[in-house]
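Only one structure is covered here, and it is reproduced in the block below.
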Amino acid sequence: MTQRETWATRAGFILAAVGSAVGLGNIWQFPFKTSTNGGAAFVLVYLLAAVLIGLPAILGEFVIGRRANLNAVAAFRKLDHPAWTAVGALGLLTGMWILSYYSVVGGWVIQYTIGSATGAYLTDTAAYFGSVATGPNAIAFHGLFMAITVGIVAFGVEDGIEAATRLMVPSIVVILVGLAVYAVTLDGSGPAYGYYLSPDIDYLAANLADIVPFAVGQAFFSLSLGMGAMITYASYLGDDDNLVTDGGIIVGLNSAVGLLAGLVVVPLLFVQFGTVPDSAAGGGPGALFVSVADAFASLGLAGRALGVVFFGVVLVAALSSAISLLEVATSYVVDTYGGRRPVVAAAFGTGLFLLGTLSAWRTAWLGWFDTLAYKVLLPTSVLLAVVFVGWIYGPQAVDELQKGTDGGARLATVWLWSLRTVVLVGVLVTLYLGVVSIYPSPGLPFV
Ligand code: PHE
(Lines of atoms letter the chains of each structure in order from A and count residues from 1; the text may use other names and numbers.)
(Lines give C-alpha, C1' and ligand atoms only; values in the text may rest on other atoms or scores of the structure.)
Protein backbone atom coordinates (compact mmCIF):
# COMPACT_ATOMS: atom_id res chain seq x y z
CA MET A 1 0.00 0.00 0.00
CA THR A 2 1.25 3.48 -0.69
CA GLN A 3 2.02 5.79 2.22
CA ARG A 4 -1.14 7.41 3.55
CA GLU A 5 -1.16 11.19 3.42
CA THR A 6 -1.16 13.45 6.49
CA TRP A 7 -1.90 17.11 7.10
CA ALA A 8 1.17 19.27 6.57
CA THR A 9 0.41 21.49 9.57
CA ARG A 10 -1.77 21.49 12.67
CA ALA A 11 -3.52 24.60 11.43
CA GLY A 12 -4.18 22.67 8.22
CA PHE A 13 -6.29 20.15 10.08
CA ILE A 14 -8.15 22.79 12.06
CA LEU A 15 -8.90 24.88 8.99
CA ALA A 16 -10.02 21.89 6.98
CA ALA A 17 -12.31 20.77 9.81
CA VAL A 18 -13.70 24.27 10.22
CA GLY A 19 -14.10 24.40 6.45
CA SER A 20 -16.11 21.20 6.64
CA ALA A 21 -18.21 22.46 9.52
CA VAL A 22 -18.86 25.95 8.21
CA GLY A 23 -21.11 25.69 5.19
CA LEU A 24 -24.63 26.01 3.94
CA GLY A 25 -25.69 24.69 7.34
CA ASN A 26 -24.42 27.87 8.98
CA ILE A 27 -25.16 30.44 6.33
CA TRP A 28 -28.26 29.15 4.58
CA GLN A 29 -30.05 26.93 7.08
CA PHE A 30 -29.12 28.43 10.42
CA PRO A 31 -30.64 31.87 9.86
CA PHE A 32 -33.83 30.55 8.33
CA LYS A 33 -34.31 27.75 10.82
CA THR A 34 -33.71 30.31 13.52
CA SER A 35 -36.29 32.61 12.08
CA THR A 36 -38.93 29.91 11.66
CA ASN A 37 -38.31 28.41 15.12
CA GLY A 38 -38.53 31.32 17.49
CA GLY A 39 -35.42 33.42 16.95
CA ALA A 40 -33.15 33.66 19.95
CA ALA A 41 -34.84 30.70 21.70
CA PHE A 42 -33.60 28.49 18.88
CA VAL A 43 -30.15 30.06 18.98
CA LEU A 44 -29.91 29.27 22.68
CA VAL A 45 -30.80 25.59 22.27
CA TYR A 46 -28.47 25.31 19.31
CA LEU A 47 -25.53 26.72 21.25
CA LEU A 48 -26.19 24.48 24.24
CA ALA A 49 -26.43 21.48 21.93
CA ALA A 50 -23.18 22.40 20.18
CA VAL A 51 -21.24 22.57 23.44
CA LEU A 52 -22.91 19.85 25.52
CA ILE A 53 -23.57 17.29 22.79
CA GLY A 54 -21.62 18.39 19.72
CA LEU A 55 -18.23 18.86 21.37
CA PRO A 56 -18.09 15.49 23.14
CA ALA A 57 -19.42 13.79 20.01
CA ILE A 58 -16.90 15.43 17.68
CA LEU A 59 -14.11 14.36 20.03
CA GLY A 60 -15.48 10.83 19.78
CA GLU A 61 -15.15 10.92 16.00
CA PHE A 62 -11.65 12.36 16.24
CA VAL A 63 -10.64 9.53 18.56
CA ILE A 64 -11.91 6.87 16.16
CA GLY A 65 -10.21 8.49 13.18
CA ARG A 66 -6.83 9.14 14.72
CA ARG A 67 -6.63 5.82 16.52
CA ALA A 68 -7.34 3.88 13.34
CA ASN A 69 -5.57 6.12 10.82
CA LEU A 70 -8.08 4.88 8.34
CA ASN A 71 -11.25 5.95 6.57
CA ALA A 72 -14.55 5.99 8.46
CA VAL A 73 -15.66 2.54 7.36
CA ALA A 74 -12.49 0.49 7.72
CA ALA A 75 -11.62 2.26 10.97
CA PHE A 76 -13.96 0.11 13.02
CA ARG A 77 -12.41 -3.11 11.76
CA LYS A 78 -8.94 -1.79 12.48
CA LEU A 79 -10.06 -1.07 16.05
CA ASP A 80 -11.07 -4.74 16.34
CA HIS A 81 -14.78 -4.18 16.22
CA PRO A 82 -15.69 -5.39 12.75
CA ALA A 83 -19.44 -5.50 13.44
CA TRP A 84 -19.39 -1.72 13.91
CA THR A 85 -18.16 -1.27 10.36
CA ALA A 86 -21.86 -0.96 9.61
CA VAL A 87 -21.89 2.30 11.56
CA GLY A 88 -19.12 3.68 9.39
CA ALA A 89 -21.03 2.56 6.33
CA LEU A 90 -24.20 4.27 7.57
CA GLY A 91 -22.21 7.46 8.06
CA LEU A 92 -20.81 7.22 4.56
CA LEU A 93 -24.24 6.68 3.06
CA THR A 94 -25.72 9.53 5.08
CA GLY A 95 -22.98 11.79 3.80
CA MET A 96 -23.62 10.78 0.20
CA TRP A 97 -27.35 11.29 0.67
CA ILE A 98 -26.70 14.79 1.93
CA LEU A 99 -24.11 15.68 -0.69
CA SER A 100 -26.59 14.85 -3.45
CA TYR A 101 -28.84 17.81 -2.53
CA TYR A 102 -26.16 19.93 -0.89
CA SER A 103 -24.66 20.23 -4.33
CA VAL A 104 -27.99 21.40 -5.74
CA VAL A 105 -28.10 24.27 -3.28
CA GLY A 106 -24.44 24.89 -4.09
CA GLY A 107 -25.56 25.28 -7.69
CA TRP A 108 -28.13 27.90 -6.65
CA VAL A 109 -25.34 29.79 -4.92
CA ILE A 110 -23.23 29.82 -8.07
CA GLN A 111 -26.18 31.21 -10.01
CA TYR A 112 -26.77 33.90 -7.40
CA THR A 113 -23.13 34.92 -7.43
CA ILE A 114 -23.34 35.36 -11.18
CA GLY A 115 -26.81 36.90 -10.91
CA SER A 116 -25.52 39.55 -8.51
CA ALA A 117 -22.82 40.52 -10.97
CA THR A 118 -25.15 40.75 -13.94
CA GLY A 119 -28.08 42.17 -11.95
CA ALA A 120 -30.29 39.34 -13.20
CA TYR A 121 -32.44 39.15 -10.08
CA LEU A 122 -33.02 42.87 -9.65
CA THR A 123 -36.41 43.15 -11.28
CA ASP A 124 -38.19 40.23 -9.66
CA THR A 125 -36.29 38.33 -7.02
CA ALA A 126 -39.01 35.73 -6.42
CA ALA A 127 -39.31 34.88 -10.10
CA TYR A 128 -35.52 34.65 -10.31
CA PHE A 129 -35.45 32.15 -7.45
CA GLY A 130 -38.06 30.11 -9.29
CA SER A 131 -35.93 29.96 -12.41
CA VAL A 132 -32.78 29.14 -10.48
CA ALA A 133 -34.07 26.57 -8.03
CA THR A 134 -35.45 23.87 -10.30
CA GLY A 135 -35.29 22.63 -13.85
CA PRO A 136 -32.46 22.63 -16.37
CA ASN A 137 -30.54 25.55 -14.83
CA ALA A 138 -30.60 23.93 -11.44
CA ILE A 139 -29.35 20.66 -12.89
CA ALA A 140 -26.57 22.30 -14.89
CA PHE A 141 -25.21 24.29 -11.98
CA HIS A 142 -25.58 21.34 -9.63
CA GLY A 143 -23.31 19.53 -12.10
CA LEU A 144 -20.83 22.40 -12.08
CA PHE A 145 -20.72 22.51 -8.28
CA MET A 146 -20.15 18.76 -8.12
CA ALA A 147 -17.41 18.98 -10.74
CA ILE A 148 -15.50 21.63 -8.76
CA THR A 149 -15.83 19.48 -5.62
CA VAL A 150 -14.45 16.47 -7.47
CA GLY A 151 -11.62 18.61 -8.82
CA ILE A 152 -10.42 19.64 -5.36
CA VAL A 153 -10.70 16.17 -3.84
CA ALA A 154 -8.80 14.73 -6.80
CA PHE A 155 -5.72 16.70 -5.75
CA GLY A 156 -5.57 14.91 -2.41
CA VAL A 157 -5.36 15.87 1.22
CA GLU A 158 -2.42 18.23 1.35
CA ASP A 159 -2.39 19.78 -2.10
CA GLY A 160 -6.15 19.77 -2.56
CA ILE A 161 -8.11 20.05 0.66
CA GLU A 162 -5.53 21.70 2.88
CA ALA A 163 -4.41 24.21 0.30
CA ALA A 164 -7.97 25.15 -0.60
CA THR A 165 -9.30 25.53 2.94
CA ARG A 166 -6.27 27.53 4.09
CA LEU A 167 -7.46 30.30 1.80
CA MET A 168 -11.16 29.71 2.11
CA VAL A 169 -11.79 29.73 5.84
CA PRO A 170 -10.07 33.00 6.78
CA SER A 171 -11.76 34.80 3.90
CA ILE A 172 -15.18 33.55 5.01
CA VAL A 173 -14.69 34.93 8.50
CA VAL A 174 -13.28 38.30 7.40
CA ILE A 175 -16.01 38.94 4.87
CA LEU A 176 -18.85 37.91 7.18
CA VAL A 177 -17.53 40.22 9.89
CA GLY A 178 -17.43 43.03 7.35
CA LEU A 179 -21.00 42.35 6.25
CA ALA A 180 -22.26 42.07 9.85
CA VAL A 181 -20.74 45.45 10.67
CA TYR A 182 -22.31 46.88 7.55
CA ALA A 183 -25.72 45.47 8.61
CA VAL A 184 -25.55 47.36 11.91
CA THR A 185 -25.39 50.63 10.02
CA LEU A 186 -28.55 49.99 8.02
CA ASP A 187 -31.74 51.84 8.87
CA GLY A 188 -34.27 49.51 10.42
CA SER A 189 -31.91 46.74 11.44
CA GLY A 190 -32.22 47.63 15.16
CA PRO A 191 -35.15 45.36 16.12
CA ALA A 192 -33.43 42.38 14.47
CA TYR A 193 -30.93 42.16 17.29
CA GLY A 194 -33.55 41.74 20.02
CA TYR A 195 -35.33 39.08 18.01
CA TYR A 196 -32.12 37.23 17.26
CA LEU A 197 -30.23 37.63 20.49
CA SER A 198 -32.64 37.82 23.40
CA PRO A 199 -34.49 34.53 23.91
CA ASP A 200 -38.18 34.45 24.75
CA ILE A 201 -38.15 31.88 27.55
CA ASP A 202 -41.94 31.38 27.60
CA TYR A 203 -41.91 30.60 23.92
CA LEU A 204 -39.03 28.24 24.43
CA ALA A 205 -40.80 26.37 27.21
CA ALA A 206 -44.01 26.08 25.23
CA ASN A 207 -42.32 24.83 22.05
CA LEU A 208 -39.43 22.82 23.38
CA ALA A 209 -40.45 19.56 21.71
CA ASP A 210 -40.48 21.27 18.31
CA ILE A 211 -37.34 23.26 18.79
CA VAL A 212 -35.12 20.49 20.14
CA PRO A 213 -34.99 18.15 17.13
CA PHE A 214 -34.36 21.10 14.84
CA ALA A 215 -31.72 22.73 16.99
CA VAL A 216 -29.84 19.57 17.90
CA GLY A 217 -30.09 18.24 14.36
CA GLN A 218 -28.76 21.58 13.20
CA ALA A 219 -25.84 21.28 15.60
CA PHE A 220 -24.97 17.81 14.23
CA PHE A 221 -25.31 18.84 10.63
CA SER A 222 -23.37 21.98 11.14
CA LEU A 223 -20.54 20.20 12.95
CA SER A 224 -20.40 17.61 10.16
CA LEU A 225 -21.15 14.83 12.63
CA GLY A 226 -22.52 11.41 11.81
CA MET A 227 -21.17 11.35 8.27
CA GLY A 228 -17.69 10.07 8.81
CA ALA A 229 -16.24 13.43 7.80
CA MET A 230 -14.56 14.16 11.11
CA ILE A 231 -13.39 10.54 11.45
CA THR A 232 -11.79 10.80 8.03
CA TYR A 233 -10.14 14.18 8.61
CA ALA A 234 -8.79 13.05 12.00
CA SER A 235 -7.33 9.95 10.38
CA TYR A 236 -4.73 12.19 8.72
CA LEU A 237 -3.54 13.42 12.15
CA GLY A 238 -0.47 12.53 14.16
CA ASP A 239 -0.39 11.52 17.82
CA ASP A 240 1.04 14.83 19.01
CA ASP A 241 -2.09 16.82 18.20
CA ASN A 242 -4.19 17.91 21.14
CA LEU A 243 -7.64 16.75 20.12
CA VAL A 244 -9.37 18.53 22.96
CA THR A 245 -8.06 21.99 22.07
CA ASP A 246 -8.55 21.37 18.37
CA GLY A 247 -12.13 20.25 19.00
CA GLY A 248 -12.82 23.28 21.17
CA ILE A 249 -11.48 25.63 18.50
CA ILE A 250 -13.49 23.93 15.78
CA VAL A 251 -16.78 23.94 17.71
CA GLY A 252 -16.17 27.54 18.82
CA LEU A 253 -15.41 28.80 15.32
CA ASN A 254 -18.31 26.93 13.80
CA SER A 255 -20.80 28.36 16.28
CA ALA A 256 -19.31 31.79 15.85
CA VAL A 257 -19.72 31.66 12.08
CA GLY A 258 -23.32 30.46 12.47
CA LEU A 259 -24.08 33.39 14.76
CA LEU A 260 -22.24 35.75 12.46
CA ALA A 261 -24.24 34.62 9.44
CA GLY A 262 -27.40 35.33 11.42
CA LEU A 263 -26.05 38.78 12.21
CA VAL A 264 -25.83 39.42 8.49
CA VAL A 265 -29.03 37.75 7.30
CA VAL A 266 -31.55 38.55 10.07
CA PRO A 267 -30.90 42.32 10.03
CA LEU A 268 -31.16 42.30 6.23
CA LEU A 269 -34.56 40.63 6.55
CA PHE A 270 -35.72 43.21 9.10
CA VAL A 271 -34.55 46.07 6.91
CA GLN A 272 -36.54 44.66 4.05
CA PHE A 273 -39.67 43.41 5.80
CA GLY A 274 -39.65 44.89 9.30
CA THR A 275 -39.83 41.31 10.56
CA VAL A 276 -38.81 37.82 9.61
CA PRO A 277 -41.13 36.68 6.85
CA ASP A 278 -42.69 33.22 6.89
CA SER A 279 -42.13 30.72 4.10
CA ALA A 280 -44.87 32.07 1.91
CA ALA A 281 -43.52 35.58 2.07
CA GLY A 282 -39.94 34.70 1.25
CA GLY A 283 -38.79 33.08 4.49
CA GLY A 284 -38.05 29.36 4.73
CA PRO A 285 -35.49 27.70 2.46
CA GLY A 286 -35.75 30.56 0.00
CA ALA A 287 -35.00 33.17 2.68
CA LEU A 288 -31.37 33.53 1.93
CA PHE A 289 -31.98 33.67 -1.76
CA VAL A 290 -35.18 35.66 -2.14
CA SER A 291 -35.11 37.96 0.86
CA VAL A 292 -31.42 38.65 0.94
CA ALA A 293 -31.45 39.21 -2.79
CA ASP A 294 -34.34 41.65 -2.24
CA ALA A 295 -32.27 43.49 0.30
CA PHE A 296 -29.34 43.70 -2.10
CA ALA A 297 -31.60 44.71 -4.98
CA SER A 298 -32.92 47.65 -2.97
CA LEU A 299 -29.39 48.94 -2.50
CA GLY A 300 -28.69 49.51 -6.18
CA LEU A 301 -25.20 49.10 -7.53
CA ALA A 302 -23.64 48.80 -4.08
CA GLY A 303 -26.09 45.99 -3.42
CA ARG A 304 -24.90 44.14 -6.48
CA ALA A 305 -21.31 44.36 -5.34
CA LEU A 306 -22.35 43.18 -1.89
CA GLY A 307 -24.26 40.35 -3.51
CA VAL A 308 -21.19 39.11 -5.35
CA VAL A 309 -19.15 39.21 -2.16
CA PHE A 310 -21.85 37.61 -0.02
CA PHE A 311 -22.83 34.80 -2.35
CA GLY A 312 -19.18 34.29 -3.24
CA VAL A 313 -18.46 33.61 0.41
CA VAL A 314 -21.42 31.27 0.71
CA LEU A 315 -20.08 29.42 -2.31
CA VAL A 316 -16.64 29.03 -0.79
CA ALA A 317 -18.14 27.80 2.48
CA ALA A 318 -20.34 25.30 0.65
CA LEU A 319 -17.42 23.97 -1.37
CA SER A 320 -15.16 23.49 1.64
CA SER A 321 -17.94 21.41 3.20
CA ALA A 322 -18.77 19.44 0.09
CA ILE A 323 -15.16 18.33 -0.33
CA SER A 324 -15.21 16.80 3.15
CA LEU A 325 -18.30 14.77 2.27
CA LEU A 326 -16.81 13.50 -0.94
CA GLU A 327 -13.54 12.76 0.83
CA VAL A 328 -15.27 10.26 3.14
CA ALA A 329 -16.28 8.00 0.28
CA THR A 330 -13.14 8.63 -1.74
CA SER A 331 -10.79 7.76 1.10
CA TYR A 332 -12.78 4.61 1.80
CA VAL A 333 -12.33 3.30 -1.70
CA VAL A 334 -8.73 4.50 -2.05
CA ASP A 335 -7.71 2.96 1.32
CA THR A 336 -9.57 -0.28 0.82
CA TYR A 337 -9.34 -1.05 -2.87
CA GLY A 338 -6.41 1.12 -3.84
CA GLY A 339 -8.22 2.94 -6.65
CA ARG A 340 -6.79 6.12 -8.13
CA ARG A 341 -8.05 9.13 -6.21
CA PRO A 342 -9.17 11.27 -9.19
CA VAL A 343 -11.01 8.37 -10.79
CA VAL A 344 -12.74 7.37 -7.57
CA ALA A 345 -13.76 10.94 -6.78
CA ALA A 346 -15.13 11.41 -10.28
CA ALA A 347 -17.10 8.16 -10.13
CA PHE A 348 -18.77 9.15 -6.87
CA GLY A 349 -19.36 12.64 -8.17
CA THR A 350 -21.15 11.29 -11.21
CA GLY A 351 -23.40 8.97 -9.18
CA LEU A 352 -24.28 11.74 -6.74
CA PHE A 353 -24.93 14.15 -9.56
CA LEU A 354 -27.51 11.73 -10.91
CA LEU A 355 -29.15 11.22 -7.51
CA GLY A 356 -29.21 14.97 -6.98
CA THR A 357 -31.09 15.62 -10.20
CA LEU A 358 -34.23 14.61 -8.27
CA SER A 359 -33.69 17.50 -5.86
CA ALA A 360 -32.77 19.82 -8.69
CA TRP A 361 -35.91 18.90 -10.55
CA ARG A 362 -38.35 19.56 -7.73
CA THR A 363 -37.71 21.44 -4.51
CA ALA A 364 -40.12 19.08 -2.75
CA TRP A 365 -37.59 16.30 -3.23
CA LEU A 366 -34.87 18.44 -1.79
CA GLY A 367 -36.99 19.13 1.28
CA TRP A 368 -37.72 15.46 1.68
CA PHE A 369 -34.05 14.45 1.41
CA ASP A 370 -33.18 17.15 3.94
CA THR A 371 -35.89 16.19 6.43
CA LEU A 372 -34.96 12.54 6.37
CA ALA A 373 -31.28 13.41 6.80
CA TYR A 374 -31.87 15.73 9.75
CA LYS A 375 -34.49 13.85 11.62
CA VAL A 376 -33.54 10.23 11.09
CA LEU A 377 -30.24 9.48 9.38
CA LEU A 378 -28.01 11.94 11.20
CA PRO A 379 -29.24 11.32 14.75
CA THR A 380 -29.14 7.54 14.19
CA SER A 381 -25.63 7.66 12.90
CA VAL A 382 -24.44 9.97 15.70
CA LEU A 383 -26.20 7.80 18.27
CA LEU A 384 -24.41 4.65 17.15
CA ALA A 385 -21.03 6.37 17.07
CA VAL A 386 -21.61 7.72 20.59
CA VAL A 387 -22.58 4.27 21.89
CA PHE A 388 -19.50 2.82 20.28
CA VAL A 389 -17.04 5.31 21.70
CA GLY A 390 -18.74 5.61 25.09
CA TRP A 391 -19.72 2.08 25.94
CA ILE A 392 -17.76 -0.23 23.66
CA TYR A 393 -14.41 1.41 23.13
CA GLY A 394 -14.46 3.32 26.45
CA PRO A 395 -11.08 2.97 28.17
CA GLN A 396 -9.09 2.91 24.93
CA ALA A 397 -10.94 6.01 23.79
CA VAL A 398 -9.89 7.78 26.98
CA ASP A 399 -6.33 6.74 26.33
CA GLU A 400 -6.44 8.06 22.77
CA LEU A 401 -7.98 11.38 23.75
CA GLN A 402 -5.21 12.00 26.25
CA LYS A 403 -2.43 11.70 23.70
CA GLY A 404 -0.99 15.07 22.87
CA THR A 405 -2.62 16.69 25.91
CA ASP A 406 -0.61 17.55 28.99
CA GLY A 407 -1.96 15.05 31.48
CA GLY A 408 -5.65 15.43 30.79
CA ALA A 409 -6.68 12.13 32.41
CA ARG A 410 -9.41 13.73 34.50
CA LEU A 411 -10.75 15.63 31.55
CA ALA A 412 -10.81 12.51 29.40
CA THR A 413 -12.77 10.64 32.05
CA VAL A 414 -15.30 13.43 32.36
CA TRP A 415 -15.62 13.35 28.60
CA LEU A 416 -16.25 9.61 28.58
CA TRP A 417 -18.97 9.91 31.17
CA SER A 418 -20.58 12.80 29.38
CA LEU A 419 -20.76 10.62 26.25
CA ARG A 420 -22.24 7.77 28.23
CA THR A 421 -24.91 9.90 29.86
CA VAL A 422 -25.82 13.44 28.76
CA VAL A 423 -24.84 13.00 25.15
CA LEU A 424 -26.45 9.62 24.80
CA VAL A 425 -29.73 10.77 26.31
CA GLY A 426 -29.66 14.00 24.29
CA VAL A 427 -29.23 12.14 21.02
CA LEU A 428 -31.89 9.58 21.89
CA VAL A 429 -34.42 12.28 22.71
CA THR A 430 -33.56 14.11 19.49
CA LEU A 431 -33.99 11.00 17.42
CA TYR A 432 -37.27 10.14 19.11
CA LEU A 433 -38.71 13.63 18.66
CA GLY A 434 -37.51 13.74 15.08
CA VAL A 435 -39.09 10.43 14.14
CA VAL A 436 -42.34 11.28 15.92
CA SER A 437 -42.53 14.60 14.12
CA ILE A 438 -42.57 12.96 10.71
CA TYR A 439 -44.49 9.81 11.61
CA PRO A 440 -46.72 8.55 10.01
CA SER A 441 -46.39 11.02 7.18
CA PRO A 442 -42.83 11.64 6.03
CA GLY A 443 -44.23 13.80 3.24
CA LEU A 444 -42.89 11.79 0.33
CA PRO A 445 -43.11 13.91 -2.81
CA PHE A 446 -44.00 11.01 -5.03
CA VAL A 447 -46.69 12.70 -7.06
N1 PHE B 1 -21.29 21.08 8.16
C2 PHE B 1 -21.65 21.44 6.84
C3 PHE B 1 -22.54 22.66 6.86
O4 PHE B 1 -22.83 23.20 7.89
C5 PHE B 1 -22.33 20.34 6.09
C6 PHE B 1 -21.62 19.07 6.15
C7 PHE B 1 -22.15 18.03 6.79
C8 PHE B 1 -20.36 18.93 5.62
C9 PHE B 1 -21.45 16.85 6.91
C10 PHE B 1 -19.67 17.77 5.74
C11 PHE B 1 -20.21 16.74 6.40
O12 PHE B 1 -22.95 23.11 5.86
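A Cβ is built for glycine as well, from the same backbone N, Cα and C atoms used for every other residue.
According to TrEMBL:
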- 7-28: transmembrane segment (TRANSMEM)
- 40-64: transmembrane segment (TRANSMEM)
- 84-104: transmembrane segment (TRANSMEM)
- 138-155: transmembrane segment (TRANSMEM)
- 167-185: transmembrane segment (TRANSMEM)
- 211-236: transmembrane segment (TRANSMEM)
- 248-270: transmembrane segment (TRANSMEM)
- 282-301: transmembrane segment (TRANSMEM)
- 308-330: transmembrane segment (TRANSMEM)
- 342-361: transmembrane segment (TRANSMEM)
- 373-394: transmembrane segment (TRANSMEM)
- 414-439: transmembrane segment (TRANSMEM)
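Tertiary neighbourhood of the transmembrane segment (308-330): same-chain residues 16, 19-28, 71-72, 91-92, 95-96, 98-99, 102-103, 105-106, 109-110, 112-113, 116-117, 145-146, 148-150, 152-153, 157, 160-161, 164-165, 168-169, 171-172, 175-176, 179, 224, 227-229, 231-233, 257, 264, 288, 292, 296, 341, 344-345, 348-349, 352, selected by CB-CB distance under 8 Å and a gap of 6+ residues from either end. If you look at the transmembrane segment (373-394), the same-chain residues 6 or more away from its ends with a CB under 8 A from one of its CBs are 57, 60-61, 63-64, 76, 79, 81, 84, 87, 90-91, 93-94, 97-98, 213-214, 216-218, 220-221, 225-227, 416, 419-420, 423-424, 427-428, 430-431, 434-435, 437-438. Taking residue pairs at least 6 apart in sequence, the transmembrane segment (84-104) and the transmembrane segment (211-236) share three or more C-beta contacts under 8 angstroms.
Of the two recorded stretches, the transmembrane segment (138-155) does not lie close to the transmembrane segment (167-185), with fewer than three CB pairs under 8 Å once pairs fewer than 6 apart in sequence are set aside.
Long-range contacts of the transmembrane segment (167-185) within the same chain: residues 15, 18-19, 22, 192, 253, 257, 260-261, 263-264, 267-268, 271, 306, 309-310, 312-313, 316-317, 319-320, each at least 6 residues beyond the stretch ends and with a Cβ under 8 Å from a Cβ of the stretch.
Only sequence-distant pairs (6 or more apart) were considered; of these, at least three Cβ pairs between the transmembrane segment (40-64) and the transmembrane segment (414-439) are under 8 A, so the stretches are in contact. Through the fold, the transmembrane segment (414-439) approaches residues 49, 52-53, 56-57, 59-60, 209-210, 212-213, 216-217, 244, 371-372, 374-376, 379-380, 382-383, 386-387, 389-391, 394, 397-398, 401 of its own chain, all at least 6 residues removed from its boundaries and within a Cβ separation under 8 Å. Most Cβ pairs under 8 Å with the transmembrane segment (342-361) belong to 84-104, among the candidate stretches 7-28, 84-104, 248-270. Sequence-distant neighbours of the transmembrane segment (84-104) (same chain, 6+ residues past either end, Cβ-Cβ under 8 Å): 23-24, 71-77, 138, 142, 145-146, 149, 221, 226-229, 231, 318, 321-322, 325-326, 328-329, 332, 348, 352-353, 355-356, 358-360, 365-366, 369-370, 372-373, 377-378, 380-381, 384-385, 388, 392.
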